[in-house]
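Student: Reproduced below are the annotations present in TrEMBL:
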DOMAIN    75-230  domain 'DUF7928'
DOMAIN    514-744  domain 'Glycosyltransferase 2-like'
REGION    15-64  region 'Disordered'
REGION    226-258  region 'Disordered'
TRANSMEM  267-288  transmembrane segment
TRANSMEM  300-321  transmembrane segment
TRANSMEM  740-761  transmembrane segment
TRANSMEM  773-794  transmembrane segment
């Protein structure tokens with residue numbers, strides 16, 4: 001590192017010059033339309049489009065571009081030349097080497113470059129970046145980069161370049177290895193020819209990434225050099241003898257972390273049962289006293305309903321006790337670790353002593369829109385994967401696309417191109433077709449009321465079939481990653497051929513040691529994967545690590561903000577309960593699963609004839625999986641140390657929230673014994689009127705779901721809406737009538753019954769007391785108000 005510092009120390013004027021050059025970068029690059037067009041090249045089929053090309057940043061002047069027949073080509077040429085000019089201005093390139101330049105992706109297999117002559121080099125930079133298939137890439141060939149590469153070559157044993165914060169950047173022996181590098185690191189040092197290749201998903205961010213990487217390298221060099229100098233100073237000072245005693249506590253630190261079992265939750269439950277028994281006993285006392293007075297024993301029949309009364313009252317008494325504990329009880333458990341709760345991050349795995357586990361990010365999707373829903377989620381995932389790969393690990397994204405074969409051809413093609421560009425493996429199953437009209441077509445059933453479980457099962461089946469074929473491959477000493485990629489491609493092609501075109505799949509669909517299960521509208525922290533695998537590796541008995549989630553708002557509607565408040569309240573209650581010793585929940589997303597545990601305890605085979613893992617006969621497949629894993633001896637854990645880094649979307653409309661509650665009711669009723677609802681904290685009165693209407697108006701809908709389960713009536717739900725649908729007042733009225741006509745009919749009938757009971761029934765049958773009228777009137781008003789007052793599209797009165 002001192003050799004690297006020698007480059008900087010005597011050259012103070014050069015430092016100033018570099019700062020001046022970098023200062024010019026602070027303003028956004030401006031497009032010069034007078035620049036010449038660069039050559040474009042098609043790898044495979046060439047596509048032209050008037051849409052903005054992939055990887056482009058802010059659009060340039062629309063008036064100028066409108067004069068050209070193909071605005072996309074012009075934008076791409078101008079942008080790639082702008083990047084090349086910025087490289088030269090920042091001294092990132094010398095313009096003397098055929099291995100230097102900027103490359104931009106316009107569309108699928110369609111790239112442009114600057115300078116134009118680099119595309120003429122056979123198997124050169126242009127061809128290799130096209131194989132890497134990134135949105136944009138540039139090269140860096142500065143004296144700093146050259147000094148670092150010379151240091152790597154002289155050492156001869158450093159497979160990576162260390163960075164700040166324990167990160168490390170890959171080193172490639174030759175540039176021909178570029179297509180097979182760790183793509184999510186977004187950069188790679190190349191020894192032959194000596195240069196640094198940087199790429200990004202957006203052209204307007206790639207220079208910022210390159211500058212940040214250069215600063216990171218320089219900071220690390222100076223920091224490491226400073227440590228060496230301080231070490232020299234210490235050697236020059238008089239020697240001092242320091243004795244570090246090894247205590248039993250320090251020995252214990254090297255072993256498994258001690259996680260105590262919290263007993264506060266059992267105390268809360270015990271006090272809740274005691275309060276229920278006391279209140280029930282007071283009721284029995286009242287019955288006994290009344291019986292002693294009039295000698296009528298018929299009222300003692302009410303004792304028969306005592307179990308039901310106690311069951312209903314448990315929730316309310318639990319709230320009372322929990323509120324008391326939250327106000328005056330201990331709360332240190334929320335920031336510490338226990339058997340089933342992690343309030344502090346774990347000790348991270350040391351990559352120098354062991355290889356970091358491979359983690360697969362599994363994301364089921366349906367018909368969600370690509371740009372507003374899926375793309376932001378993928379960008380968030382790629383940032384997390386980039387950090388994990390820089391830390392020494394590997395990861396892949398596995399999309400279970402249940403809508404690919406149902407979408408129009410152009411939308412399906414857009415998804416395929418997006419998945420290919422972002423190095424995403426995906427599987428899509430056929431459409432639901434139990435009785436095909438064409439006899440040559442095999443029937444196919446998408447089983448389950450809620451199709452998420454059967455979708456994941458099918459995609460995992462395809463992955464397992466590929467693994468079975470790969471197990472039969474003999475791997476010799478000369479086996480390389482290129483050989484592994486080749487046999488994997490062959491195995492995937494064989495599986496698709498066996499399915500006779502019914503299954504669609506591309507990319508890496510293999511499953512790693514751990515699975516991060518997310519939804520299509522999720523955001524994850526940038527640095528979360530290493531903590532997750534470290535905790536799972538340190539606790540082999542843990543099958544599921546469920547993370548707490550924040551809420552991601554996409555609108556400013558009052559209903560979404562209300563659901564946001566309620567969701568945060570629920571997670572706060574779960575956090576308090578689990579931290580004090582309760583069993584953690586598994587909510588079906590933002591959770592890390594141990595793949596070996598799922599295979600061990602969760603697998604079964606039904607009439608479809610292949611191994612499945614998620615229950616297709618339950619609406620709440622996550623409840624079922626958690627029960628089966630715990631029955632098999634595994635444990636669950638709830639982690640809160642990422643804070644609100646994991647984010648999930650919430651229901652945007654009352655229709656989605658109603659469907660969600662129906663699924664909750666149906667799923668809870670599927671369990672042998674319904675568990676207690678999550679504890680609700682009354683710490684915010686803002687949304688009490690809204691939720692009074694909502695909870696008062698869902699009884700008919702929840703009862704429908706319960707009765708459908710009891711009497712085995714088929715009921716199904718679609719995927720929750722992940723994006724905003726703009727409807728005006730007149731469009732929303734027919735939608736409400738179609739969805740809630742039964743509810744409105746019930747409300748009109750009950751209103752008529754109340755009026756008739758007050759005015760028109762015979763005098764001895766008339767109902768005029770408030771206590772008798774209020775319950776039915778409250779239910780009627782809430783059911784009528786729910787689809788009307790809680791509908792932002794209706795309440796905006798937009799025409």
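The backbone N, Cα and C atoms fix where each Cβ goes, and this holds for glycine too.
Show me how these features fit into the structure around them.
Tutor: Taking the domain 'DUF7928' (75-230) as a whole, pLDDT averages 87 in the prediction.
Tertiary proximity for the transmembrane segment (267-288) is limited to same-chain residues at least six positions away from its ends with a CB under 8 Å from its CB atoms, namely 299-300, 302-303, 306, 309-310, 313-314, 317-318, 320-322, 325, 580.
Tertiary proximity for the transmembrane segment (740-761) is limited to same-chain residues at least six positions away from its ends with a CB under 8 Å from its CB atoms, namely 697, 700-701, 767-768, 773, 776-777, 779-780, 783-784, 786-787.
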